[in-house]
Amino acid sequence: MADLSLLQEDLPEDADGLDVDDYSSESDVIIIPSALDFVSQDEMLTPLGRLDKYAASENVFNRQMVARSLLDTLREVCDDERDCIAVLERISRLADDSEPTVRAELMEQVPHIALFCQENRPSIPYAFSKYLLPIVVRYLADQNNQVRKTSQAALLALLEQELIERFDVETKVCPVLIDLTAPDSNDDVKTEAVAIMCKMAPMVGKDITERLILPRFCEMCCDCRMFHVRKVCAANFGDICSVVGQQATEEMLLPRFFQLCSDNVWGVRKACAECFMAVSCATCQEIRRTKLSALFINLISDPSRWVRQAAFQSLGPFISTFANPSSSGQCFKDESKSSEDSSAEDKDRMRDNDVVEEEHRRPEDAPSDLSAPHSSARLESLEGCAAKTPGHSAGDVPAPVDSSLLCTLSSESPQEAASNDENGRKPDTNSKSASRPDAGTSSPEATPLDQDMFNSFHFWRTPLPKIDLDKELQQDPEERLSPERTGDVPAAPLPGPPNITMATRKELEEMIENLEPHMDDPDVKAQVDVLSAALRASSLDAHEETGGVEQRSELQDEVCVSELPDCNISHDTCVPLISAAEENAEATPDYVHGGADVSPGDGFSPDEDRRPKVQDVVPQALLDQYLSMTDPSRAQTVDTEIAKHCAYSLPGVALTLGRQNWHCLRETYETLASDMQWKVRRTLAFSIHELAVILGDQLTAADLVPIFNGFLKDLDEVRIGVLKHLHDFLKLLHIDKRREYLYQLQEFLVTDNSRNWRFRAELAEQLILLLELYSPRDVYDYLRPIALNLCADKVSSVRWISYKLVSEMVKKLHTATPPTFGVDLINELVENFGRCPKWSGRQAFVFVCQTVIEDDCLPMDQFAVHLMPHLLTLANDRVPNVRVLLAKTLRQTLLEKEYFLASASCHQEAVEQTIMALQMDRDSDVKYFASIHPSSTKLSEDAMSTASSTY
């Protein structure tokens, strides 16, 4: 406030002492007094007086300055409660200013004033609620757009900082917003109010959102007059769903979402496509699979290119929502125990889901002969639908069953089986889990039954809350399980939705007929392909209902049947069954992947490439659309960067499908890896280590390593992706495969642009991590030359990281047996750097010694023998920079060690003599650092001042 008088104050013309005619008659010198020679009237006013004076000024700029200085005025009078209240009352009057710029300036200061009031609440209780919040709420409906925007930003800032009480939100904020969204409200105000309601929902919580915001939000989604309102609702739909939860989403929001997805304005449909993943996360798996999938297919086939573009960008994230959220990693269980013990462990795991998280193991530890893993979703239904009764043999070979069949084919009745499947419990407490004995062995007491061929333990499907029994399940058990009928059971689940009505099939046929005349358009052709696939899937379901098992067997690509109970299934089959050899009782871990089943030990047959790209984790139509993103026609008709979006989401899709379905994605991944756009390849390079974790060591070695090798020879923009995660990828490989890359590490020193020093800095960072993966001999033979090369880099930032690399290398080689590699490395450091003809090399030697001391890479007695004599000889170096750094190292690092503080050895005496010599150095900086031990000055803070750098 003190500077307000200097801004726009009109001084009277006849002010005392300002007459320009005053002069000294003796010297004839005109004296022009300055305004600073006199006491300003403002300096005589109190803070409240100055506030009142300029708040009433006719000058708009003065009133703006009053609004801007309100916080300073409050700080001046904060000790007096009455003055604080007086300032707040002036704020209320200033809020009625007719000038929009003054009101906007005032609103910008409200969050700061509110925070001050919160901190000084004892002095001015309820100040914000009584004086400031009404202004914010009132400005939400201001006629001026700038004032409204400022008040909206202020309201969100206040909510984010939790400065508004919950009671005030319910009684003052929400009612105003609801009024602003009334049908007779201004169009612009209504649109902005809806946006505020959506943005504040995550801040106010589920209760207030459901009671006060959700009903009006649903109404706004159906606003038939203003598409801007519907567009705002669609853009924020995912946020509302995540706040209110699954039940409210499915009951109230999903019908509105379906309407918005079919809106006649493409901008609304595009907004729906962009938030599709968030909406999917708030629904159950059944709705996601049966309803949202079909809805998303419509968006992908939308007539508007912008809608299709947004839909394809969201396709990968939407597919990832089909992943099993309870166990997305790998876990193992010991198969050496009896089936009874395994059953007990399954019960414990069902009661405590934390066991899965506590038993994570790296994928590279998985042996090659692991049994086929199963998803946790199937574990939940295992207790009721896959248990065997006592006396049944666990050594029988199961035959594949269709995914439309109910999960249980045990000796219990179909009604009991369905009940147990829903409840997730075992029908018999004495029943055993499905555990296979050694190949070729069987229990002498147990008699193999045909039911074991159809054991659903080996097959995965999403558990549904209510399942209608198929006709074949309601048949007589003996007829259903007769050996003559086993060969008719299909080998793989069929794609497409499981239950499609006749009316739906009729609609699909009509849509295909309407689109056939426009088959020249690639987009229309793609839509017809999708609809045809859905129609075929519905036809398959119709055949299942009417034709029974015999007709469905003709629709399968391959059928894997075991007609005899004690026979083994051939490894050439394309259906991932669990054979007896892979289910032996050895003490090997059984991996369970979080997405779904994993084929045995990741061992895929040579015919795998010819396997149909069919799976049952996600709707097949969605996967087909995702795989089509690499089609060149998509880049022309949808988005030129569609391949980049496909590459970006591929790890999430792979995790969802699981490694047993990698054959569906392999060709797409190879296509992306050879894409002409380097941005696509760069995206894959940055995520290849994550994909390796998902696929496991065998698939990584077979499919990812060749692509990884190609990335190593690509552009620098692509190479940096694999370099940043080089350690993460190599640690997943077998030791022999990992050693092959030792010969290629040297290639990272060569870049397309020599000025790309960050590339070499990242290489040094990765080499530090790679030290743990290789033997001391490999480190000495291959990593040592690279590290010494980086220590002599032209850029100081690269050298700084390299000093750390060399010190860690010294530590590893010194602790190795025998320690000859460490001694040889130290001798090479002395020869190449300690006696280097260039002063920068000798300075680098001091830096390395300092890092070795700080990180305790060598015992002090070993350091004193191998490095310290050569370090002390640099006290006579002709370059002051080297001597300055030596003085810092001796004073601030070496003498800090207990070895030199407690012992009176000859080494300590040599150090003290060197320091005394440096204290008498002719350079003032050397004497300074050698004479004192400044506590506030550390080598890490000022060593760069003495380092030579190109940049």
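Each Cβ is built from the backbone N, Cα and C atoms, and glycine gets one as well.
Here's what Swiss-Prot has on this protein:
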REPEAT    26-63  repeat 'HEAT 1'
REPEAT    65-81  repeat 'HEAT 2'
REPEAT    82-119  repeat 'HEAT 3'
REPEAT    127-164  repeat 'HEAT 4'
REPEAT    168-206  repeat 'HEAT 5'
REPEAT    208-246  repeat 'HEAT 6'
REPEAT    248-285  repeat 'HEAT 7'
REPEAT    287-324  repeat 'HEAT 8'
REGION    325-377  region 'Disordered'
COMPBIAS  332-365  compositional bias 'Basic and acidic residues'
COMPBIAS  411-421  compositional bias 'Polar residues'
REGION    411-451  region 'Disordered'
COMPBIAS  430-445  compositional bias 'Polar residues'
COMPBIAS  474-487  compositional bias 'Basic and acidic residues'
REGION    474-499  region 'Disordered'
REPEAT    506-543  repeat 'HEAT 9'
REGION    590-612  region 'Disordered'
REPEAT    699-735  repeat 'HEAT 10'
REPEAT    800-838  repeat 'HEAT 11'
REPEAT    862-899  repeat 'HEAT 12'
MOD_RES   Ser936  phosphoserine
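Listed by sequence, the residues of this chain that lie at least six past the ends of the repeat 'HEAT 10' (699-735) yet keep a Cβ under 8 A from its Cβ atoms are 362-364, 602, 604, 659, 662, 666, 669-670, 673-674, 678-679, 681-686, 688-689, 691-693, 741, 744, 747-748, 751-753, 756, 759, 762-763, 766, 769-770, 773. Tertiary neighbourhood of the repeat 'HEAT 3' (82-119): same-chain residues 47-48, 51-52, 55, 60, 63-64, 66-68, 70-71, 73-75, 127-128, 130-132, 135-136, 138-139, 142, 144, 146-147, 150-151, 154, 157-158, 161, 163, selected by CB-CB distance under 8 Å and a gap of 6+ residues from either end. Of the candidate ranges 168-206, 208-246, 248-285, 800-838, 800-838 contributes the most Cβ pairs within a distance under 8 Å of the repeat 'HEAT 12' (862-899). Long-range contacts of the repeat 'HEAT 11' (800-838) within the same chain: residues 761, 764-765, 767-768, 771, 776-777, 779-780, 783-784, 787-788, 790-791, 793, 844-845, 847-848, 851-852, 855, 857-858, 862, 866-867, 870-871, 873-874, 947, each at least 6 residues beyond the stretch ends and with a Cβ under 8 Å from a Cβ of the stretch. Within the chain, the repeat 'HEAT 6' (208-246) has long-range Cβ neighbours (under 8 A, six or more residues past its boundaries) at 166, 169-170, 174, 177-178, 181, 187, 190-191, 194-195, 197-202, 252-253, 256-257, 259-260, 263, 265, 267-269, 271-272, 274-279, 281-284.
Taken through DSSP, the repeat 'HEAT 8' (287-324) splits into 30 helix, 0 strand, 8 coil.
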